[in-house]
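Engineer: Below, the features straight out of TrEMBL:
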type	residues	note
TRANSMEM	A:21-43	transmembrane segment
DOMAIN	A:81-291	domain 'ABC transmembrane type-1'
TRANSMEM	A:89-109	transmembrane segment
TRANSMEM	A:121-145	transmembrane segment
TRANSMEM	A:157-183	transmembrane segment
TRANSMEM	A:204-225	transmembrane segment
TRANSMEM	A:272-294	transmembrane segment
């Protein structure tokens with residue numbers, strides 16, 4: 001009997017295809033639905049502050065006084081925004097050169113030792129719970145800063161240092177992959193012209209992998225931006241813009257985690273915290289867009 | 001006897017103790033093209049790579065023997081590899097232009113060997129591109145990315161790039177095997193012109209190419225040098241049976 005190639009519902013592989021398609025579609029739908037409902041929830045709560053409770057958007061973004069339980073209540077979130085940006089950017093500034101150099105060492109200088117021992121160790125850093133980082137920061141870094149610099153030791157410097165260690169794996173891993181993925185012909189081409197290893201790394205390897213390295217840095221900043229617990233433990237949590245790196249301040253995340261449990265759902269204070277969450281979320285979106293844009297540019 | 005550009009004595013190359021090139025001795029004439037032919041895996045590329053110490057970059061490799069340029073054995077540990085590679089340029093099978101402008105690709109080498117003067121650099125760029133027969137096609141877009149060039153143009157750019165550091169010897173590892181016939185013809189024509197000034201050593205899979213561009217040909221088999229002679233003699237009247245079999249296409 002000649003085999004029929006016509007599609008029949010009863011053929012097992014047709015059913016299989018169908019089941020697979022429905023199942024994967026369902027997973028995607030669930031993901032998208034979760035994201036949309038989260039965005040909707042945060043946005044609706046966060047925007048109520050402005051449209052329901054009559055707090056001015058500009059006032060929230062630029063005000064430097066945060067006193068949600070006062071008479072009258074004041075909602076100036078600039079100290080938090082400033083705290084978040086300064087700690088994460090400072091953390092990236094500390095971490096980026098370290099991460100890049102570690103990657104160069106692992107890929108260019110000691111590839112076998114690096115791949116076998118160093119990379120797993122650095123990736124291990126990513127698995128340590130943030131409360132451990134916060135605890136170490138609180139018991140080691142803060143007292144150290146307190147002894148050396150004026151102030152309590154809590155503040156942006158301590159926060160940035162803790163964060164810089166936390167985001168080191170992200171930056172290093174992405175930099176390592178970028179360096180390892182560089183076509184070997186480029187390096188050989190440079191060596192064959194009589195370049196030293198240093199010239200090759202600084203003039204060929206670094207510029208060619210720059211978009212990927214920046215992607216790592218932005219992802220690191222994004223992670224630092226969203227980190228709450230470890231920062232909260234070492235930043236001091238005072239809602240004002242500090243005059244030095246060693247003065248107590250606050251970030252968006254630490255302000256939210258610290259007060260969320262103490263406010264009544266639906267109160268202006270609670271809604272204002274949702275507004276902070278909305279800012280955090282929007283910033284995360286911006287970071288994702290920057291990463292997308294950078295990836296579009298890195299055609300190695 | 002022609003002037004000797006490079007003289008190899010008893011060269012062996014090992015990858016993790018496995019020999020890839022076995023005890024090869026060869027003299028390369030200056031201002032001539034020498035072709036290295038042989039089936040894949042016969043060690044000809046490995047041999048070529050050891051001439052400018054590129055095998056140093058492979059940690060498991062070991063190169064023994066002597067490579068003489070005039071009075072210097074460049075395979076000795078005391079050789080300054082960086083300045084050696086300025087004297088021996090290299091071009092690969094796949095064009096590997098840097099992800100920079102055409103101008104910067106050429107200026108890269110000279111700049112790091114101390115040419116700082118802008119005018120002088122401009123001149124080197126123009127001369128090198130002219131010599132590589134690429135100037136007319138690129139003079140209006142020197143500051144465009146080198147990646148916008150076609151494959152054949154990129155390969156000529158890579159040749160121009162190695163000329164820019166004023167080498168005496170240029171090594172070419174199958175420089176036309178990734179190119180179309182028209183670009184290949186241009187590269188071959190270019191090699192013919194460059195031999196007036198440089199000692200050129202070219203690895204090729206294409207025996208017609210070897211016959212067209214080279215004055216001398218060396219045939220490698222299983223890491224050993226089987227036969228080395230003038231190209232026309234090799235192709236018309238090879239002395240060894242293996243050479244004759246390979247050239248007539250009976251294996252490889």
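The backbone N, Cα and C atoms fix where each Cβ goes, and this holds for glycine too.
All annotation found in TrEMBL is predicted automatically rather than curated by experts.
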Engineer: Please indicate, using numbers and ranges, the residues of the same chain that are 6 or more beyond the transmembrane segment (A:89-109) and have a C-beta under 8 Å from a C-beta there.
Structural biologist: 115, 118-119, 122, 156-157, 159-161, 163-168, 170-172, 175-176, 178-180, 197, 201, 205-206, 213, 216-217, 220-221, 224
Engineer: Restricting to the same chain and to residues at least six past its boundaries, which positions have a Cβ under 8 Å from a Cβ of the transmembrane segment (A:272-294)?
Structural biologist: 39, 42-43, 45-50, 53, 55, 60-61, 68, 75, 77, 80-81, 84, 211-212, 214-215, 218-219, 221-222, 225-226, 252-253, 255-256, 259-260, 263
Engineer: Same-chain Cβ contacts of the transmembrane segment (A:121-145) under 8 Å, 6 or more residues past its ends?
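Structural biologist: Sequence-remote neighbours of the transmembrane segment (A:121-145) are 102, 151-155, 157-159, 161-162, 165-166, 168-170, 172-173, 227-234, 246.
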